[in-house]
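According to Swiss-Prot, the protein carries these features:
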ACT_SITE  Glu91  active site, proton acceptor
DOMAIN    97-327  domain 'Radical SAM core'
DISULFID  Cys104-Cys332  disulfide bond
BINDING   Cys111, Cys115, Cys118  [4Fe-4S] cluster binding site
BINDING   Gly158, Glu159, Ser190, Ser213, Leu214, His215, Asn289  S-adenosyl-L-methionine binding site
ACT_SITE  Cys332  active site, S-methylcysteine intermediate
Amino acid sequence: MENILDFTLEELKEWLISKEEKAFRAKQVFDWIYNKLIFDFNNMKNIPYKTKNLLSDNFYVGVPKVVKKLMSQDKNTYKFLFEYKDGNIIESVVMKYKHGNSICVSTQVGCRMGCKFCASTLDGVIRNLTSGEILSQIMAAQKEIGERISNVVLMGSGEPLDNFQNVTKFLDLVTSDTTLNIGQRHITLSTCGIVPKIKELADKNYNITLAISLHSPEDLLRKEMMPIANKYSIKELMEACDYYINKTNRRITFEYALVKGKNDSIKEAKKLSTVLKGKLCHVNLIPVNEIKENSYEKSTLKNIESFGNILKENGIETTIRREMGADINAACGQLRRSYVSK
């Protein structure tokens, strides 16, 4: 059986026609799934009995089961652990803002990139998620909170560009007016910096925001923090970023997790300013998430602000990320790992 969420409307139409069914039934089915959030074919009232049976025999609506749901004390952040049909568990985070609800979705079960500050990579990657499985996190979360989600961040467990085919199909699906109709400009994809895939993504001409996990302006330190830096130098990464900017005319966000005594000095800030000066970019400074498997400590707020001021003085737009959901282990990989290791 196949997950119907992996299908575009046109693909489902073609399948129905091949079974001597009416093509317009595809739109009716999509309406039940994506607008009414009905995930059982038998509850789709305007679908004929024969067609329901045909669909039930060949497809399932692959929305994951909620195995854990946590809400922060301020009620602005929800953390979900979702279980798929094969028993694999991933996590998603919903953040409520004045401008709408945003979800951080996972693209893989685990991750193989090995970034030292990330809990989701500690056990490696188990498998890729399909386009429909990524999409289903949004649908399951919408059903749970009873509100529409309008912004998507691909920044949960997994490296999106390590699952390129499924992630790009997800982007095509989620932005379609036949499914969730989320605008491309409301989507951010975060990558540790797989250079060839950044260029390939640029060639797709999406209007999404690309976020690069940078974390150091120096190759030696970046190699220590992020194994991907052993494959691609900062020079190569910046060339790929320039290609992306020139191709899409979209501003890139550079993410920089500040670790006390590691990458938070004024010297590092000045070096980063040199690397990024003149680029169409924005820097998001992040207090690092502390995990017991490494000795990384958060930089002080004073250091973070001083670091940011250096960047601003050099004409680089900079913000400090607001911490949300710390009381519910909302940072990437933390809750899933504590759950599956029980």
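Easy rule for this one: first residue shown is 1, then count along the chain.
Each Cβ is built from the backbone N, Cα and C atoms, and glycine gets one as well.
The binding-site residues examined here are Cys111, Cys115; by Cβ neighbour count within 10 Å, the least packed of them is Cys115. A distance of 19 Å separates the Cα atom of Leu214 (S-adenosyl-L-methionine binding site) from that of Cys104 (disulfide bond). A strand conformation is recorded for Ser190 (S-adenosyl-L-methionine binding site) in the three-state DSSP classification. Under the DSSP three-state reduction, Cys104 (disulfide bond) is assigned to strand. Here the binding-site residues are Ser190, Ser213, Asn289, and the one whose Cβ sees the fewest other Cβ atoms within 10 Å is Asn289. In space, Gly158 is the closest of the recorded positions Glu91, Gly158, Ser213 to Cys111 ([4Fe-4S] cluster binding site), judged by Cα positions. Around Gly158 (S-adenosyl-L-methionine binding site), the C-beta neighbours below 8 angstroms that are at least 6 residues distant in the chain are Ser106, Thr107, Gln108, Val109, Gly110, Cys111, Ser120, Val125, Asn128, Leu129.
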